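Here's the structure we're looking at; comments come further down.
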Amino acid sequence: LTGLPRSSLTVEAMRAARLLLAWVLLRPANTQQCQTSSPGSVLRFTDTHAEIRVPALHRVPSSLDPLYGLVRHYLDFIQQNPLPTELIRAALNDPSSVKTSQVVQYELGYVVCAAVALLFTVAMPVAGLCFCYCRSQQRCGGRLRAHRRSLGCRRHCLLICLSITSIIILTSAICALVTNQRVKEQMEPGLGAMPATLRTLRQHISNIPQVAPLSLQGVQMVVDQFEVPRQQIISDLGGVSRSVGVSIHMQLKAMTYAALADLQDRAGDLQTSLHHLQILNKTVRVLTAARAELEPALREQRQRVVALLDDPRCTSCASVLGRAQSLELGADYSKVPSVEKVLKTLAGLPRSDFAEIIRQGNGTFNSIPELAVERMAQVIQELREEMARVSEKVQTIANGFPLPDYTRRISEALLKAEDRSQPFLQEVERFERYRWIAGTVLCSIILLIITCNVSGMVLGTYGLAKREDPSDYECRGEAGAKLLMFGVGLGFLFSWLLILLVFATFLVGGNIQTLVCRNWVNQEIYKFIDTPGNLPPSMNVTHQLNLRRDSNLTTTYWECKSGAGLWEVLQLEKSYDLDEHLKIPKYTANFQKRLGDFMTRLGDVRILRSEGRQDLETFALSGMDEVDYGRFQEEMKIPVVQTSIPGLARSLEGLQKMQRNSTVAGRLAAEAQALWQMQNSTVQTQEALVAKLGESVRFLSRLAPHLQERVKTTLATIASVEARLPVQAQQILRQEIGCFTRKELRYFAQYLHWVGQTLREDVASCQPLATALDNGRVILCDRIADPWNAFWFSLGCCTFFLIPNIIFAIRLTKHFRPIRNRLISTGSEETCPFHIPRVTALKL
């Protein structure tokens, strides 16, 4: 405020200022509303369930999907019976009552396949023995007896047929190798995922009610998140006192600064008026004394000039004579009113240092924020202590949460399943290693057979092309025939092992697909489990999972899969009123009461003390407004001398030039010079004093009519501000504390709403249970069973196509060896019994 300009306002400007000040004073202090919630007032809580989710597994698209689909269709054809609920119920409840005929009836397709496999297992070794016997008798795989015209066509047909069977066996063997390796790759992580999933589920269930005292999981983690609003509230408490003080200062500064500015204007008016009154009084005295000194000199000068102009020798002087005769004094300031009485009244003013008063008023008002911090320090400390007690109340949510009673059985069941699965999974892993070795070895043997076939056909065909006579011996053709026979021998030797591996894997993988996977996908397994009486009491899933009586596994599965929590699935609201524990007043009643009971006074703000008030009242009653300033203005309109001395002097100088008499001319010049001297030395000084007097008169004449009104308004304004400032400061204090209270209660509300939502949906979520079941199906059916079944299907194709492969290879072997008799019989198919060798055909 020290830089505000001094008052020199017009009447209209002062009226506008008074209207603005009246609006400020009459405006209600509580019209300012609380600030709307900013983005920073929305709390962010840690995702408590990010570390206890069971990751969902999905079927990965593969280039072998057509093969998997073909195998599933084949198994659907083999096993067309639905889920044998009666048979499974009897097997689970009373295993001794299960009849073999029932099992055979259900597994009829597999029984037929077993018969075929048994026949193949017996027939192939027997056929191999018979073939060995025939070979020892030179009957099978020997040489053609005679050359016929159709041999070339037969040879080509056999080559094509053997090539086709070799391609089919090769393709199947490659598929078998690929699926064999894929089963190995999926089996190990799949077996490891099962106990890991059970362990994750058990940890998830156990962590919900905060079993371990030092754990930061489940409900305890949710409760610990109260640290977020607590820290936010503590942070707000650290700045609320200064914020309240600043708000009071900001809302009241317009009123206070306006009063201080008005006081500064009145103090300036007092100082300036006193200065101008002193100037006016002094100037009037000087002008009066100067007039008295000027009067005889002017009279004497007038007489000389008139006498000179009246001289007959003065040519053309009559025109100037009249102005010379009127050379008299003008304004007489001894007639103006005296201001000595006013000056006497104002003597010794101002007794107060208004600059210091204004500075102290500014300082007192500007210290309101620091004063608010000091006065609110105790209640802030009490609120911090109250927040510690609220934290203890929030802890009761975790202590009283009822989930441990409901999740203990689930945890025990999962732990038992995890313990029992370990030995079984280890055995499965061991047998899988043996299966992979056997499958790899047998697939390698099949590839060896195919290699023999391809090499035999290539060498045999090349030997036929190089042989000039069909009866000639050719080593490459003979080598091709021996390679084909070697492949035939491998086929007879290992075919029974192949069929045994195929049937064993087919029996296991087929039943997993048709009995488990197919019924898992169409939910028949869940329906079987849900049907009362199907499971023995020791396997009662509803009891072990602690489901409500009107629920079942299918309903629970779909509820969990849709994201429902254990709170909803188990209907815990019937035994634990969570809404009652999450009511806001339960935690905020004392917090609100302490803020609501807080009352304080920020102290009285004294803008103007009694000495300064008396100075202004004395100034207003000094009589300055009673002085007739119009009389001053009228007197100042009269010049110091009635006739213009410079004009008269210039006229005399003009007459000098017109004179013929040098004496008259000299006297005219002398009188003109005397007039100029009088003007420059005396008259101009008085005119300057008149101009100075006019400035003071104008200021005093403008101020005097409104002086009492302005002083009265200023004093009333200051008194009103001093009276209203504490009241409005208190109102603003209550308003700001109310806004602060509502803001902090929103933090409590956000946290408690988040707690309720999290406990109902996220922390106590049963979605991991549904995800674990889906993961089990994906691992068992999509990632293990599909390549497993594709393996035995591909290996089975290889095995069964070995039969035509053996036949075609044996038949083709004869065509690669020399013909015993090259004579051609055109009449019949009988060959000539005589063989006449040619000398040219002998080979050393």
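Every residue gets a Cβ built from N, Cα and C, even glycine.
Annotation source TrEMBL lists signal peptide at 1-31. The transmembrane segment annotation in TrEMBL covers 108-136, 157-179, 436-462, 483-508, 790-812. Residues or ranges marked as coiled coil in TrEMBL: 373-400.
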Criterion met for the transmembrane segment (483-508) and the transmembrane segment (108-136) (at least three Cβ pairs under 8 Å): yes
Stretch of maximal Cβ-Cβ contact with the transmembrane segment (108-136) [cut-off: under 8 Å; candidates 157-179, 436-462, 790-812]: 790-812
Average pLDDT across the coiled coil (373-400), rounded to a whole number: 85
Residues of the parent chain within Cβ reach of the transmembrane segment (436-462), under 8 Å, 6 or more residues beyond its termini: 159, 162-163, 166, 169-170, 173, 176-177, 180-181, 183-184, 476-477, 479-484, 486-487, 490-491, 494, 497-498, 501, 791, 795, 798, 802, 805, 809, 812-813, 815-816
